[in-house]
Amino acid sequence: MSKDPGRILIFDTTLRDGEQSPGASLNLEEKLAIAHQLARLGVDVIEAGFPFASPGDFKAVNKISEVVGGENGPIICGLARASTSDIKACYEAIIPAPKKRIHTFIATSDIHLKHKLRKSRKDVLSIVPEMVSYAKSLVDDIEFSCEDASRSDPEFLYEVIQLAITSGATTINIPDTVGFTTPSEFGKLIFDINKNVPNIDEAVISVHGHNDLGLAVANFLEAAKNGARQLECTINGIGERAGNASLEELVMALHVRKSFFNSFFGRSSDSPTPLTAIRTEEITKTSRLVSNLTGMNVQPNKAIVGANAFAHESGIHQDGVLKNRLTYEIIDAKTVGLNDNKISLGKLSGRSAVRARLEEMGYDLSREDLNDAFARFKDLADRKREITDRDLEAIVSEQVQLPESRFQLSHVQVSCGSTSKPTATVTILNTETHTEDTSVAIGTGPVDAVCEAINELAKVPNELIEFSVKSVTEGIDALGEVTIRIRNKNKIYSGHSADTDVVVAAANAFLNALNRLIFSEKKECIHPQFDNLENSEKKVFSNPKN
């Protein structure tokens, strides 16, 4: 049997695999904000990125290692392909972390070996011990992944795993890379690994999976029943294609059905000991932060964190819930931190009162960020009678989200109606030339007119592919959250903003997306799975401090 920590370890890969969602690119400040919140959430491991990908990724992993990792905090992990240059860059990035891990991988399925790596099984059996041993010479905590394990020949898989453990791997990850397997198959795969790998008791078995068939969470729970003790997941289930296994769904399944799962951990069914170290009351806030910063909206009927997760429309259901919530709810909304507390703050409230409430909510802002957030709070308080925690979350998350900006909104005004053509006048500041320019444009609606005017000024080719707006809270004076996604050269960029005036929010969201596009074009990135290893070997990003 594999090494058993006595509970499930939660390995969060939102900042690595989650960020590979189209349009979900994050800047350094956003990654730090998410990493800090993941630490508050109580995850065991944060996979902070792929350091070899770009100088920006290296810097983000390095900074997270420096300020988020701690003796009592999460392990900070970096991803590296099975190459010396990748592993070296990863090690240099995670050096500041008191608890650090190198996560290296190579494909083991025949389809990947033939068509992607163009290597033989013999080649893999030579590479694995060499690269794992090299990583082990740098740090003690080594995770090794057999990419596309669920489509690999089992006998070859056992051989690779045994070699990796012999060479120093302390965690063995079994990925369902393309979301191909079913729960019973995945559970059997983990069972068979435990049965057929002689030294498996020297490593923790981890699982990683994608949701292409909608089975990722079910697969993971079956894997846990069969000995997997680390689950690799993302907030809101974001990730490439159909996404990854959802952290909140996994954690709450283990929380709500603890009496069922306890026996698979050698416990009595009524054992009160939690199966994970997650602070469930932080789930909703973490979900909202990731959604706001990535621009990836959560579907309303998403389990645990969707807007409708605790809503009841049917009269019969409403009646039952009013009499006893347990009739139709298996989770108390407060367990996941869902509340809409109205706070006694208004336009006369001072900076210290706002800071105190933000600290109660778990936000620790710098003096500069607090000043900016307070200014936005005062502006909102002048326009909105009641301020909720949700309003404060929107203010803070937007403050964190602001990307590097070449263009900033100075002024926007629209004219529209049933008998007039929607017209927008927009003035933007170019931060490079320190000049302001104004344009007037006509569109099919006020938002379209605003975007047309901005495009005339910015002159950055793009195609607007998504515009969405939602109310942060109830009431006609509620903040409106706008998310805009644009495309350029087959890449997608997101912008997000909130304001009581949705036209102003739309203008800022569009400019945020444009700024991301502009600055991302200056950064060359490597994809850990799709880019050819040999062609990228020459490109090494070293620690800027060295």
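Each position is counted from 1, following the chain as shown.
Glycine too: its Cβ is placed from the backbone N, Cα and C atoms.
Annotation comment: Swiss-Prot describes 8-271 as domain 'Pyruvate carboxyltransferase', evidence class sequence analysis.
In three-state terms derived from DSSP, Asn244 (Mn(2+) binding site) belongs to an extended strand segment. What Swiss-Prot records for Asp17, His208, His210, Asn244 is Mn(2+) binding site, and it gives sequence analysis as the kind of evidence.
According to Swiss-Prot, the feature region 'Regulatory domain' maps to 408-546, an assignment based on sequence analysis.
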For this session: Would you count the other CB atoms within 10 A of the CB of Asp17 (Mn(2+) binding site), including those on all shown protein chains?
Result: 25
Seminar exercise, completed: Within 10 angstroms of the C-beta of His208 (Mn(2+) binding site), the count of other C-beta atoms across all shown chains comes to 26
Exercise. According to DSSP, which kind of secondary structure is Asp17 (Mn(2+) binding site) found in, if we only use helix, strand and coil?
Worked result: coil
Exercise. For the binding-site residues listed here (His210, Asn244), which one has the lowest count of neighbouring CB atoms within 10 Å of its own CB?
Worked result: His210
